[in-house]
Structures are given as structure tokens and as C-alpha cells.
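According to Swiss-Prot, the features are:
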type: ACT_SITE; residues: ASP152; note: active site, nucleophile
type: ACT_SITE; residues: ASP154; note: active site, proton donor
type: BINDING; residues: ASP152, ASP154, ASP374; note: Mg(2+) binding site
type: BINDING; residues: ASP152, ASP154, ASP160, THR188, ASP342, LYS350; note: IMP binding site
Amino acid sequence: MTSRYRVEYSLKQHRRDEFIEWVKTLLATPFVLHAGSTGDGRPGDENRSVVETRRRYAEIFYDVEKLIENQLYHDNNDSGERARLRQLVPTIGQFFTKLPLERAFYTQDEIRSISHRRFVSPSFNDVRMILNTAQVMALATGRQPLKLVTFDGDVTLYADGGNIDPDSPIIPVLLGLLRNDVYVGIVTAAGYSEKDGSKYGVRLYGLLEAIVKTDTLTEQQKNHLLVMGGESNFLFKFIAAENRFEWIDPEEWTLPEVRTWSQEDITSVLNIGERVFTNALTKCSLPATIIRKVRGVGIVPLPGKKIMREQLEEMVLAAQKTLETSKATGNVQFCAFNGGSDVWVDIGDKDLGVRSLQAYLGNITGTQTLHVGDQFAALGANDFKARLAATTVWIANPSETVEIIAELIDYIEHERQCSA
């Protein structure tokens, strides 16, 4: 029952990624025609089948790789609507780099045995992991060096509602990024407006302790950790010598378009979100309470209680649609998202959060930035908008974050050795 439920739930339209689904359909034909028979065959038949299947899969990824290059060309020449990939997948977003998908496929095939499988076709996760590997390969070998890696918090760096403890496996790879002169930015929905940054210090204390104590980082590298809280509302910089976060005045990093937002429009967005949650609380008799913050409003379960998944989805979609059709929101950007156990409407989004960091750190470009997150569905997910600002990798849990960043560091250091 659980497995069937999860499969049916994952097929909901708003939870799908059309590009990944499209690639899966391309891979279905070689799986059906070349993945091998189930009965006994002549000696060597199975090996020949694997070789042929791998070749066909690789050809498809090579062709998709060329389609992405074609889209990059058209986007750079203001003729994006003529890109073949955009015609085939109308919802496709922006690419910042080429993606070596064929090479990434061979790498992931060794790990996931995609070509050897006869009963399970290439899956959503197979394609997702190939895209992730291709992206970090491209960043490590690009003409412009990687300068900034940003992370979501919950489910990306630590378990939902958790912290980075001193023994967290995420710490060594984050230190590895800093050691390679890459800024680390945590762009989180957690919105703590207190200027001392102490609450972020509690959530990240294991990482902060490791940065302060390590002798493998320079003093400058130790200060290359930043936190953007509330999606795009509060910026803090770590001061290693004092083991604390320093609040950065918004005048130093707020983007020009955000400066035009009026407090009246911001209040209107939060009021509408609160009304949606209040209505759901009453109508569905939810065991929850509503929390109003400076730049966000959310509905969270009472201690020891749980809001069902369908109820969370109903609220996030209701909030999104209500806000989209309301003239009262003015030109304020907002983010309605399902946090896994709660639902929030925040002022701003991760597009603004990542771009604000890029501007603050010296106009870092999207091709020099990677965002790592777990929520990339088109609706109800707060990492989705980061695709407008930077390259991205889509992970499912903190363990995958460790793996992909370790992979990225390996590629960076290998590239440096080859060019030395």
C-alpha cells in the first residue's frame, strides 16, 4: 500500500518535471527493444545486449546534449523561441552551461547499472542523477571558475527540522568547497530576523565549530560562509575570529527591483496567505496553528500532531493560486511552499536570494554559481525559482548532497592537477 501510494502521488501533475519525463520517454524505446530477453540465450547474448543498450542510451544523451547546446546558442542570440528543445518541451527553463550528458551517463551507468537492467527501465531518479553529474562536470571544467555554491537547509544539509551536528558528514565537503576558494551560501526558508544571528548559529553549530578549529583553511576562507534567511530577506556573514554571524545591512545587498516594493503590498501578500491558512484551519479542523513573521506567514502542526500530506498540498496550491490571481499583491514576489510538515508563504524567493548573494559577492554570474536543493517541482517548491539565477542540482536527501559535492570537488581538483 505504501509503495503504491508513493508511486501514485509522484505522478501528480504539479509534482512532475516535464524535461526529465521527456528524457525518460526517449529512453523507453531502447529499453524495450534492446534491454535483452528474459529467457536463456546463446553464450554472449546478454553481454551483447548490454553493450547495445548502453550504446543506444548514450546516443540519446548525446543528442539531448546537442539540443541543450542549440538552446544556449538561441538564448544567447535572443531567439530562444526557435530552440528545438523549447519546442519539444515548452516548459524548459534556462541553461547556464553546456551539459556533458553522454559522459555523465557512462559515469552513472557504472554506479546504477542502468544498461544491465532488463525489468526496470531508466527511472526519474536515474535521469535526475545523470543531470546532476553532468552539471558538476560542466562547472569543474568551465571557462569561468565556480565561485559560489548555495544550499537549501532542511532535507538538503540536514534532516527536516534538524541541525548540522559536529559529526555531520556534510561538514567535510563544505570545508572542501571553502578550501577551493568557493563561497558557501545557505539560502534557507528559515527566517530569523534577530540581528545577532544566534538562531542560525544554533542550526549550524557543528559546521561553525569545524570552521573555527580547522587548520586547513586560511583566515579569509573561513569567512566565506553566508546565510540568506527567509528565502531572500536576511543576510548574515560568518566572522570566524569571533565565532558569530554578522548581520549585513540590506542597503548593501538588496536588489533594485526589491527596493520598489511597498510595505503595503508586502502586508497584503501576508494577509492573503494568512486568510488562506485560517480558512483551511477552520474548514479542515487541522491540528495546527498559524505563525506570522516579519516577512512570512505559515501554518505548522501542534506539538505531537501531524498535518496530512494531501492537506499540505491543498493549502500550498490554494495559497499559490489565490495570490497569483489577486491584484492586491502588487509587484511583490512571493513563494508559497510545502515544507514537508508545514506550509509557508514568504516574501521573496530563492531566485532573489541567490541573485542577492551573487551581487553582494561581486556580481558573480549564474555560470559561476551552483544551487543545491530538494524542492524543484513547478508548484509548492521553493528551490524551483533558483533555476532562474544559477545552475542547479536536484537532491533527495542530505546523503545525496554529500555525494554530489564530493563529486564536484573531485572534478575541480582533478581539473586543477591536469592544468598545472
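Glycine too: its Cβ is placed from the backbone N, Cα and C atoms.
Positions of the features from Swiss-Prot, shown on the structure.
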| residue | record | Cβ within 10 Å |
| --- | --- | --- |
| ASP152 | active site, nucleophile | 23 |
| ASP154 | active site, proton donor | 21 |
| ASP160 | IMP binding site | 13 |
| THR188 | IMP binding site | 26 |
| ASP342 | IMP binding site | 21 |
| LYS350 | IMP binding site | 32 |
| ASP374 | Mg(2+) binding site | 21 |
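Looking only at the recorded positions ASP152, ASP154, ASP374, the one with its C-alpha closest to ASP342 (IMP binding site) is ASP154.
Nearest neighbour of LYS350 (IMP binding site) by Cα distance, taken over the recorded positions ASP152, ASP154, ASP374: ASP152.
Candidate binding-site residues: ASP160, THR188, ASP374. Nearest to ASP154 (active site, proton donor) by Cα distance: ASP160. Residues PHE151, GLY153, VAL155, THR156, LEU157, ASP160, GLY373, GLN375, ASP383 surround the recorded Mg(2+) site, their Cβ atoms falling within 8 Å of the Cβ centroid of ASP152, ASP154, ASP374, which are themselves excluded. When the recorded positions ASP152, ASP160, THR188 are screened for a C-alpha within 10 angstroms of the C-alpha of ASP374 (Mg(2+) binding site), the residues that qualify, in sequence order, are ASP152. Distance from the CA of ASP152 (active site, nucleophile) to the CA of THR188 (IMP binding site) is 5 Å. Recorded residues ASP160 (IMP binding site) and the residue listed as 'active site, nucleophile' have their alpha carbons 11 Å apart, per Cα-Cα distance.
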